[in-house]
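Notes follow the structure.
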Amino acid sequence: MDYPNQTFVNRFILLGLSDIQYLQVLYVLIFSIIYVITVLGNTLLIIAVLINVHLQTSMYFFLTNLSIIDICCSSTVVPKMLVNTLSLDKSVSLVECALQMFLSLVLGATQCIILTIMAYDRFVAICKPLHYNTVMNRRVCIFLAVFCWTVGFINSSIHVVFTFQLPFCRSHHIDHYFCEIPPFLQLSCRDTWYNEVLVYISACLIVVCSFFLTLTSYVYIISTILQIHSTKGRQKTFSTCASHLTVVCIYYGTIMAMYLGPHSAYSPQRSKIASIIYTSVTPMLNPIIYSVRNYDIRQTITKKLIRKYN
């Protein structure tokens with residue numbers, strides 16, 4: 001079907017978080033600080049795992065993957081957003097936009113599955129401790145990590161191809177601060193029903209399934225913890241998965257709010273807030289949450305890193 005008013009644009013205008021000048025300055029300051037903390041925090045966590053042989057287990061292997069995702073996710077979005085906010089030219093090419101969307105989707109899907117595998121790792125460690133080293137051996141961990149990244153790449157490729165086959169003729173102004181699927185669907189003059197169905201299918205297969213598998217792991221974990229007679233023993237066992245549980249609640253809450261809401265109820269402001277949480281705030285909080293609640297990581301950072309250079 002042809003569209004008489006259809007136009008094809010090679011560049012899009014990212015409207016950003018605000019067009020008010022003093023708010024733009026404030027956003028640049030806040031997001032610059034968040035980005036620096038994110039990169040430093042996650043880098044410290046990765047180095048701590050690499051230099052401490054006691055931390056080179058399956059749990060910390062997946063935690064390292066999570067830190068790499070956090071650094072990449074924030075780096076995919078925040079630097080470009082800062083440049084666009086400070087620049088008079090807020091345009092982005094179609095190729096740049098597609099690449100940014102592709103990377104953010106890869107990292108988002110991979111993180112969902114990584115968090116699920118981390119929950120399973122805690123399930124095996126707490127519910128089947130005698131089989132832990134056998135079940136979560138190095139070969140299995142590498143296979144699971146490759147599986148996570150592969151699913152992320154396949155999912156992202158499908159979405160980007162289908163999204164950029166749409167004709168964007170309503171406008172080339174994107175009411176967002178980076179290239180994401182929902183605002184793009186608002187620009188198309190073609191019926192986006194197939195794209196919306198694809199998003200829901202993807203969300204159900206990856207986000208919802210990952211969430212329920214994570215939830216199932218924690219049902220068994222909590223059930224096992226409650227069977228421990230010692231209060232101190234229960235607290236010690238629960239502390240090994242408390243950090244992960246906190247991260248899961250923050251991450252899945254924002255992702256589901258973003259992608260599982262009805263298309264008709266789409267709100268640019270709500271979308272921006274949800275995106276800020278999972279592309280900037282969560283990557284910053286993850287290493288802080290894991291470092292504060294994990295004695296081994298704290299000790300490695302303070303004794304082997306900080307004191308070494310003092």
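Each residue, glycine too, has its Cβ placed from N, Cα and C.
Summarising the annotation, TrEMBL assigns domain 'G-protein coupled receptors family 1 profile' to 41-290. The transmembrane segment annotation in TrEMBL covers 25-53, 60-78, 98-120, 140-162, 197-221, 242-261, 273-292.
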Open item on the list: Before we move on, state whether the transmembrane segment (25-53) and the transmembrane segment (273-292) share at least 3 Cβ pairs under 8 Å, counting only pairs 6 or more apart in sequence.
Closed with: yes
Open item on the list: Suppose I define contact as three or more CB-CB distances under 8 A, residues 6 or more apart in sequence; do the transmembrane segment (273-292) and the transmembrane segment (140-162) meet it?
Closed with: no
TODO: Grab the same-chain neighbours of the transmembrane segment (98-120) for me: Cβ-Cβ under 8 Å, and only residues 6 or more beyond its ends, written as numbers and ranges.
DONE: 59, 62-63, 65-66, 69, 72-73, 76-77, 80, 92, 144-145, 147-149, 151-153, 155-157, 159-160, 163-164, 178-181, 184, 202, 206-207, 210-211, 213-214, 217-218, 241, 244, 247-248, 251-252, 255, 278-279
Open item on the list: Under 8 Å between C-beta atoms and at least six residues away from its ends: which parts of the chain pack against the transmembrane segment (60-78)?
Closed with: 31, 34-35, 38-39, 42-43, 45-46, 49-50, 100, 103-104, 107-108, 110-111, 114-115, 117-118, 121, 141, 144-145, 148, 177-178, 275, 278-280, 282-284, 286-287, 290
Task: Whole-number mean of pLDDT values that fall within the domain 'G-protein coupled receptors family 1 profile' (41-290) - done: 87
